[in-house]
Each structure stands twice: as C-alpha cells, then as structure tokens.
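Novice: TrEMBL lists 15-32, 44-68, 89-116, 172-192, 204-231, 251-268, 280-301, 398-417, 438-456, 476-493, 514-537, 557-583 with the feature transmembrane segment. Residues or ranges marked as Na(+) binding site by TrEMBL: Gly23, Val26, Asn30, Asn286, Leu410. Look at TrEMBL and you will find 628-660 tagged as region 'Disordered'. The feature compositional bias 'Acidic residues' is assigned by TrEMBL to 647-660.
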Amino acid sequence: RKEGGEDRPAWDSKLQYVLAQVGFSVGLGNVWRFPYLCHQNGGGAFMVLYVMLLLVVGVPLFFMELAAGQSIRQGSIGVWKHISPRLAGIGYSSCMVCFFVALYYNVIIAWSLFYLGNSFQYPLPWQHCPVELSSNQTVKECAASSPTSYFWFRKALDISDSLDQSGEFNPIITGCLLAAWAIVCLAMSKGIKSSAKVMYFSSVFPYAVLFCFLIRGLMLDGAIEGITYMFYPKLEIWGEVQVWRQAATQVFFALGLGYGSVIAYSSYNPVHNNCHRDAIMVSTINFMTSVLASLVVFVVLGFRAKNIALECVAVNVGRLMEMAASGLSQQWWPWFNISDPKSIDLQEYRQWYSQYGSLLPNITDCDLEREMNKGVEGTGLAFIAFTEAMALFPASPFWSALFFLMLLNLGLSTMFGTMQGILTPLMDNFRLLGRHKTILTVFSCVLGFLIGLLFTQRSGNYFVTIFDDYSATLPLIIVVIFETVSVAWIYGADRFLDDVAVMLHWRPPVVYKFMWKYVCLLAMVGLLTASVLQIVFKWPTYTAWNHTTGSETSLEYPGWALVMLSVLIVTASLPVPVGYLYYLITQRQDQPEEAGMTEQQRERYSKCYSTEPELSNHLPMLNEAGSRPHSTFLPLGMDHYRPLPQQEDEDEDEEEDTEL
C-alpha cells in the first residue's frame, strides 16, 4: 500500500457513504432504547434535553472524528498514532470495544432471525399458551406470565434461572448465530465495495417499515393516548443528575463515537469532501429516526395498553353481572350498559370506579396510564411487548415478519460499521493483513462465532447483559476523552482547525475550538464520573427469569461475574496506558542513538529544525517523536521538503570552494 493511501478504496458515490454512516449510527438503540428513555424521563422534556446535548457535545465530537478520518485517511489506530504517538493506544482500545460489541450484537441479530423464521405461521406461536398433552391443561409457566413472555424465555432462549446455571447450548439459536456471522462475513468479504452494496437495502428498508407501522398504528384504538403520553413534558426531571447522564450516554452511543467506525468510513472519502455538512446531516437524520421510532413504539404500546385496560373492564363487568344475579344490586350500580362490555367507554368506567370502587373489594381500577408506565426497553420491548401488540393486529404474521426483518436490517447495518471499525485499522497498520483482506475477514467472523457460543447457552442472555452494560460504556467514554485531549490540547485545536480549513477550503467556526477544549471535555469527564459512581454506589444486578413463578426477579452478580465484567472494562481500556508506556520506553531507547550523533550531524539537524517551519504556513508542527506527521490533505510531495535547508548549506559550501 502506498503511503498516504493513494491506492485506498473509495466510495462509489456520496449517497453510498451517507447511507453507510446513517446505517451504522442508526441501530437497535434508536428503536428500543431512545423510546424507553423518553418514556421514563419526562417525554418531551427529555427530547429537549437530548437535542441540547446533541448540539453541544454530540455534533462537535462527531465532526472531529469525521475530519480526522477524512484528512489522515487511516483507520482509528493510524489516525491517533498520527495525531499523537503517545496516545496511539486509543485506536487499539476502539478496536477492542468494537470486537466486544460485535460479539453480542450478532447474537441479537440471531434472535431476530429466529423470530423472523417463526413469523410465517398463523396464528403466531407466541399468540396463545401451549397445552400440556398429559393433563390437557395450560403450561403453568405460561399461565403465570403471558404467551409472549413464555415464548421468549422458554422457547427462544430456554433460559436458566440464574447466571450460575449455565446449562447446555441452545441448538436453534446456535444455528441462527452461525447464519448471522455468515451473512456478515459474505457482506464484508470484499471490504466497503461489498458491504456498501448491501447498505442500499439494509439502511433504507427500516425507514419504509417504520413509516408503514406508523400509518397502520395511527389507525389503532389507543394510538392518540400513546402519543400524548410520549410528548407530555415533565420539566422537573431536569433537576435529576441521572436523567442528564442517561441523555448524554444516549447521544454518545447514538452517533457511534469512539468505536472507530466513523473514522474508518470517513477515511474512504475524497480529501475535500464537506465533512462538516455530513456531521450535521447524519446527526439530524439520527435524531429524526429516534423520534420516528418513538412515535411507532408509543402508538403500538398505546394500542396494547388500551386493549389490556378494556380487558380489565370486561373482567370487572363480568363480576358485576355475577353480583347482580345474586341480588346484590345497590346504589353503586353503574349507569352504563353492562350487558355489552365492549360498548363501555374506559373513561366512564373509571369515573364510576372513582365514586364507588372503594365499596367493592373485588372490583379493580383499569388505568391505561398505569399500563403505559410499565416501561420496557431492549429485548423486553422488541421480543415481548411489541410481539404481544402485533399478535392483535389483523394479518399479524405479515406485520411480525416485517418488524423482525426491520430489526435484522438495523442490526446488520450497525454490525457492518462495527466490523469496519475492527478491520480497517488492522489492515492500515499491518501490511500483511492489508494484503489478505478476505482471510482476515473470514478469520474475524469465525473467531467471533466461536466466542459467541458463550451467548447461546441457557444462561447466554445474562452474558449479553454483562457485555451490553459493561464492555463498551466506560471504555468508550475513556477513549473519547483521550481523543478530545489528543486533538484539542496535544495536537492543538487551532492547528487542527487549520488543517480542516486546508481540507475544506473554508475554516469552520471558532466555536468548535472552545467546544473541544472545554465543553465536550468537561461533559465527557462528568459522564465518566457519573458512570463510575453509579457502579460504585449501586451494586451491579441483573434481571433473571424465575420459571416457577413465571416472572422476572433482580439478582446480584456472583463474584466470578464481577471479576469478568471488571476484566472486560480493563481489557478494553488497557491499550491507552500500555501505548503511552511503550512510547516512553522507545523514546528512552532512541536517546543513546541521538547522543552518539557527531557534532556536525547535530548542527545540521538543528539547522534543518530551525529553518523548516518557514516553508509553508500550513505545515503541521512536529509531533512528540520529533518527526513531521504525513497528512494526505497536504500536497503529496510535502515530505520531500525536509532536506531542502540541508541542500542549501551544501550549495553554499560549493560556492565557497569555487571562490577559493
């Protein structure tokens, strides 16, 4: 490979690049994490807070990564080694985090494949509880929970009761995981040329599905109640530190900061591409997708909550009719027609209950808002709550297949970016790997599948929780802090903006300098502090499934699991200090060689050092290693300017000889 990436692959079009960046940043978190945070943290008030943090912290950091990747035209390892050799470990930490995320992210894709395969039957297998053949009665575990919960925990995961009970491998999920890794391997085998073609479908298809669900959902009873619940602002939550932490974390993960994937994708761009406009455009699309997904989720959850509330009314009306048949009719008799429960309005029932409910111990309140308050996120939203609602849709298999096909595409487009964050830096910095792209890709996928077997045990879902909660959050925050320090303080914010100005042919606003140096850095340090304090003061727990009671319970992690999650955090963060120590050791080894230089060599070196900066106003300053970093957005022959002062000295010596 030629220095500076002259033979570096490139995107076929700007559309291809934008779809790749959007596909990576818009992932499963937009569908099942953002709506939950809105739901739990004040609805519209949380959205306003999110937008504010997105503008103040998210966009500047996203622009910084885009500009660094596009200008230096390397993966994360090469970029941070170029900007600051002392912090070369940043890139390796990004690769480690990407690998950890890829391990469990593909398991979620495998689950989506399993549900997609089970969607092509009517009625859907999670619509009704199964019956025991021996006793001809409903399975107790399902009767104690719900059909969707039973199908998820018992049929899909066959989950154990705790993390300590590992159990055997789940053969069906193992097969789905193999299929998921095979899809990723085939799509990534030819680098961005092959993955970009898949992006045309995987990035666009989810939007088509979300709009279909929104249109269909708005026709359902309870949709308006769901949307009202979503947008109703509760401004008092702005006084809670926890809400700020969750909003900042969501901004951080929504844009994919620190993974190295943003840098990898932008490194394949033309040098003079307007990455500032890209940063604003992708961030805006990401936020609007989160809002669209939230609308869909709340419309469907509103429909589900309304159905549950109306079923509650029907059950209570049945009890009233039994009481009426036994002659217990009193002054509390309702004014609505109890002979037709379906015609009873929910508000009418609740108004009657508020007046006479205290007189009737067997009658319960049917509160739609209480059902909406039962917030679900992550797998609980996708594989339990949403599937339960879709089972009530007309033509439910069609909508189920559409939903899980959407999840599959959302997961794959993010997975492609995550894998690119691993492969691109390795191929850029190790020429042997760069010459064997396909072998490296296949090896990475095979290794990912073998380690991923950990997640296909009966206790696999608990390991997914460990990786999701701890393998990425703290290490990524640490990575982005060091990225910001590296650019804003070590390399220099003004100098970085000068380089970007050469690249874009215009200088970005000076406000970015203050954002990078102070606002973003302080925000990330605050987020890191809040995250560490939460782990320290709140003992780590996980949610386990109890098959006897058919319900979820909160359990504390066993000692070995705490060691495991600590190892994950340390392993992903360790390359940064190790890289710094390696730099110091190599610098000390180089000092004796420098001490052995002859006086004439030292004098010549000092002349070169003192005169070289006058060559160009846009020349980058010397880095810590004492050498001038090569930057591909500068003229390609710039490195050859270095011996010119030395050549001038030689010419002067020749002139003196001729005069003598």
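Placement of Cβ uses the backbone N, Cα and C atoms for every residue, glycine included.
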Novice: When you look at the transmembrane segment (398-417) alongside the transmembrane segment (44-68), do they share 3+ Cβ pairs under 8 Å, ignoring any pair fewer than 6 residues apart in sequence?
Specialist: no
Novice: Go through 172-192, 204-231, 280-301, 398-417, 476-493 and flag the stretch with the largest number of C-beta pairs under 8 Å relative to the transmembrane segment (251-268).
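Specialist: Most contacts with the transmembrane segment (251-268): 476-493.
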Novice: Restricting to the same chain and to residues at least six past its boundaries, which positions have a Cβ under 8 Å from a Cβ of the transmembrane segment (438-456)?
Specialist: 99, 102-104, 106-107, 110, 169-170, 173-174, 177-178, 181-182, 184-185, 188-190, 419, 422-423, 426-427, 463-464
Novice: Near Val26 (Na(+) binding site), which residues of its chain come within a Cβ-Cβ distance under 8 Å, counting only those 6 or more away in sequence?
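Specialist: Sequence-distant Cβ neighbours: Ser203, Pro206, Ile285, Asn286, Thr289, Leu410, Ser413, Thr414.
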Novice: Who are the chain neighbours of the transmembrane segment (476-493) in space, where the CB to CB distance is under 8 Å and they lie at least 6 residues beyond its ends?
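Specialist: Those are 61, 64-65, 68, 80, 83-84, 86-87, 90, 93-94, 97, 252-253, 257-259, 512-513, 516-517, 520-521, 524-525, 527-528, 531, 573, 576, 621, 624, in sequence order.
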Novice: Can you give me the residues near the recorded Na(+) site, meaning same chain, not Gly23, Val26, Asn30, Asn286, Leu410 themselves, Cβ no more than 8 Å from the center of the site's Cβ atoms?
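Specialist: So the extra residues in range turn out to be Val22, Phe24, Ser25, Gly27, Ser203, Pro206, Thr289, Ser413, Thr414.
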Novice: How many neighbouring Cβ atoms, not counting its own, are there within 10 Å of the Cβ of Gly23 (Na(+) binding site)?
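Specialist: The answer is 28 other Cβ atoms.
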Novice: Would you kindly list the residues that approach the transmembrane segment (204-231) from elsewhere in its chain, counting only those six or more residues past its ends and only Cβ-Cβ distances under 8 Å?
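Specialist: For the transmembrane segment (204-231), the far contacts come to 19, 26, 35, 38-39, 43-44, 47, 289, 292-296, 298-307, 368-369, 372, 393, 399, 402-403, 405-406, 409-410, 413.
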Novice: If we skip the immediate neighbours and take only residues 6+ beyond the ends of the transmembrane segment (280-301), which ones have a Cβ under 8 Å from one of its Cβ atoms?
Specialist: 18, 21-22, 25-26, 30-32, 34-35, 38-39, 47, 50-51, 54, 58-59, 62-63, 207, 210-211, 213-214, 217-218, 220, 223, 226-227, 229-230, 254-255, 372, 381, 385-386, 389-390
Novice: For the transmembrane segment (15-32), what are the same-chain contacts with Cβ under 8 Å, counting residues 6+ beyond its ends?
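Specialist: Residues 108, 192, 195-196, 199-200, 202-204, 206, 250, 253-256, 261-262, 265-266, 268-269, 278, 281-282, 285-286, 289-290, 293, 297, 377-379, 381-382, 407, 410-411, 413-414, 416-418, 420 contact the transmembrane segment (15-32) from elsewhere in the chain.
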Novice: Are there residues of the same chain, six or more positions away from Asn30 (Na(+) binding site), whose CB falls under 8 angstroms from its CB, and which are they?
Specialist: Ala254, Asn286, Thr289, Ser290, Ala293, Leu410
Novice: Tell me the Cβ neighbour count for Leu410 (Na(+) binding site), meaning other Cβ atoms within 10 Å of its Cβ, over all protein chains shown.
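Specialist: Other Cβ atoms within 10 Å of Leu410 (Na(+) binding site): 29.
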